[in-house]
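Enquirer: Before I ask anything, here is the structure I am working with.
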Amino acid sequence: MRLTAKQITWLKVILHLAGLLPFIWLFWAASQGYFSADPAKDIQHFTGRMALKFLLASLLISPLARYAKQPLLIRTRRLLGLWCFAWATLHLTSYALLELGINNLALLGSELISRPYLTLGIVSWVILFALTLTSTQYAQRKLGRRWQFLHNFVYLVAILTPIHYLWSVKILSPQPVIYALLALGLLAWRYKKFRQWWR
């Protein structure tokens, strides 16, 4: 049975809660001293993982809609992308304020350039920023064919962000590897699409 427009609306509500409730938990956990001896790192990793989860979820929508024969699922993709950007912005902000400190924000530019894993992160954020700005139907009409070209850069983000995560951890653990494999799998599903571009 195919999902109805009303069911998609309720699904969007659930997805909004999935994006908002972790933020409420994060605020509570930080206020209660829930994190380790290095809470700044914990918060950075948490916000980064949330951004990556929403990115992977947005990439999952197309194959899921196709194989489950639920075309209306595509309507949730933009919402997932917006939450990805929101959490990515929190991730960047947490690094700037908690790692560098408000008195050292002038160092942010040099830090992003001098540390390769940070460079990958900021490139991904800039792409997500551009995709967010042009995610409306109005932007799609204005850009025409260029809109699809621009939004194909989400696949570059799907490559860069798992590398950024793997590179940022001092001790390799299963979690970043799992995210990298999931991203690789979602990109591999689009293999034929990529081949058409390269011809």
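A Cβ is built for glycine as well, from the same backbone N, Cα and C atoms used for every other residue.
As the structure is a computational prediction, the values presented were derived from the model and not from experiment.
Here Swiss-Prot flags 8-28, 82-102, 116-136, 149-169, 171-191 as transmembrane segment.
What's the neighbourhood like for each of these?
Expert: Nonlocal intrachain contacts for the transmembrane segment (8-28), taken as residues 6+ away from its ends with a CB within less than 8 angstroms of a stretch CB, comprise 34, 43, 46-47, 50, 54, 72-73, 75-76, 79-80, 83, 86-87, 90.
Residues 78, 81-82, 84-85, 88-89, 91-92, 95, 143, 147, 150-151, 153-154, 156-157, 160-161, 163-164, 167-168 of the same chain, all 6+ positions outside the transmembrane segment (116-136), place their C-beta atoms under 8 angstroms from a C-beta of that stretch.
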Enquirer: Who are the chain neighbours of the transmembrane segment (82-102) in space, where the CB to CB distance is under 8 Å and they lie at least 6 residues beyond its ends?
Expert: 15-16, 18-19, 23, 39-40, 43-44, 47-48, 50-51, 54-55, 58, 108, 111, 118, 121-122, 124-125, 128-129, 131-132, 135
Enquirer: Same chain, outside the transmembrane segment (149-169) by at least 6, Cβ under 8 Å from its Cβ: which residues?
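Expert: Sequence-distant neighbours of the transmembrane segment (149-169): 45, 48-49, 51-52, 55-56, 58-59, 81, 116-118, 120-121, 123-124, 127-128, 130-131, 134, 143, 176-177, 179-180, 183-184, 186-187, 190, 194, 197.
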